[in-house]
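Scroll down for the structure; my scribbles are underneath it.
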Amino acid sequence: MKSVGVFALIISFSIVAESKIYTRCKLAKIFAKAGLDNYGGFALGNWLCMAYYESHYNTTAENVLEDGSTDYGIFQINSFTWCRNARKHQKNHCHVACSALITDDLTDAILCAKKIVKETQGMNYWQGWKKNCENKDMSEWKRGCEVS
């Protein structure tokens with residue numbers, strides 16, 4: 001029985017090790033380099049604010065919704081419309097596996113987020129942004145981060 005407990009502890013450490021929670025400034029640099037500053041007319045602070053309220057900058061965040069779909073990754077991108085998981089009848093507009101949205105490499109998540117902003121009503125897709133960031137001063141989000 002003791003070995004089962006030790007095994008469970010090892011597994012939990014390996015799961016935690018795979019999760020990455022970025023700092024605000026590290027994410028600001030990644031987002032700026034990826035061209036998110038002013039993408040779709042939204043300043044960098046909007047992206048940082050949205051990612052904070054959607055996932056607290058956690059790349060492996062997953063939330064199962066009442067309709068059975070799942071929101072994935074740092075931007076909480078939904079499986080029903082934007083990515084492909086094991087469920088059928090998904091639109092997969094980003095042409096990406098949902099698992100690609102929960103890795104430390106943010107490339108697929110950023111490309112998909114750009115597509116969402118371009119093909120929907122801007123950042124209104126994200127409830128976290130609407131409730132906490134819309135029509136607010138976004139300059140504080142990048143303050144002290146050495147990004148222009």
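For all residues, glycine too, the Cβ spot is worked out from N, Cα and C.
These come from Swiss-Prot:
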- E54: active site (ACT_SITE)
- D71: active site (ACT_SITE)
- C25-C145: disulfide bond (DISULFID)
- C49-C133: disulfide bond (DISULFID)
- C83-C98: disulfide bond (DISULFID)
- C94-C112: disulfide bond (DISULFID)
- 20-148: domain 'C-type lysozyme' (DOMAIN)
- N58: N-linked glycosylation site (CARBOHYD)
- 1-19: signal peptide (SIGNAL)
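Features per Swiss-Prot, on structure.
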| residue | record | Cβ within 10 Å |
| --- | --- | --- |
| C25 | disulfide bond | 16 |
| C49 | disulfide bond | 25 |
| E54 | active site | 22 |
| N58 | N-linked glycosylation site | 18 |
| D71 | active site | 22 |
| C83 | disulfide bond | 29 |
| C94 | disulfide bond | 23 |
| C98 | disulfide bond | 26 |
| C133 | disulfide bond | 23 |
| C145 | disulfide bond | 18 |
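Considering only the recorded positions N58, D71, C83, C112, C25 (disulfide bond) has N58 as its nearest partner by CA-CA distance. Sorting the domain 'C-type lysozyme' (20-148) by DSSP state (H, G, I as helix; E, B as strand; all else coil) yields 54 helix, 14 strand, 61 coil. Confidence over the domain 'C-type lysozyme' (20-148), given as mean pLDDT on the 0 to 100 scale, stands at 96.
Neighbour density for C112 (disulfide bond): within 10 A of its CB lie 23 other CB atoms from the protein chains shown. Checking the recorded positions (N58, C94, C98) against D71 (active site) with a 10 Å Cα-Cα cut-off leaves C98. Within the set of recorded positions C49, E54, C94, C112, the entry lying nearest in space to C145 (disulfide bond) is C49 (CA atoms). Within 10 Å of C112 (disulfide bond), counting CA to CA, the recorded positions C49, E54, C83, C133 contribute C83.
Cα-Cα distance from C94 (disulfide bond) to C133 (disulfide bond): 25 Å (rounded to the nearest whole number). Among the disulfide-bonded residues listed here, namely C83, C98, C133, C133 has its C-alpha nearest to that of E54 (active site). Taking CA atoms as the reference points, N58 (N-linked glycosylation site) and C49 (disulfide bond) are 13 Å apart.
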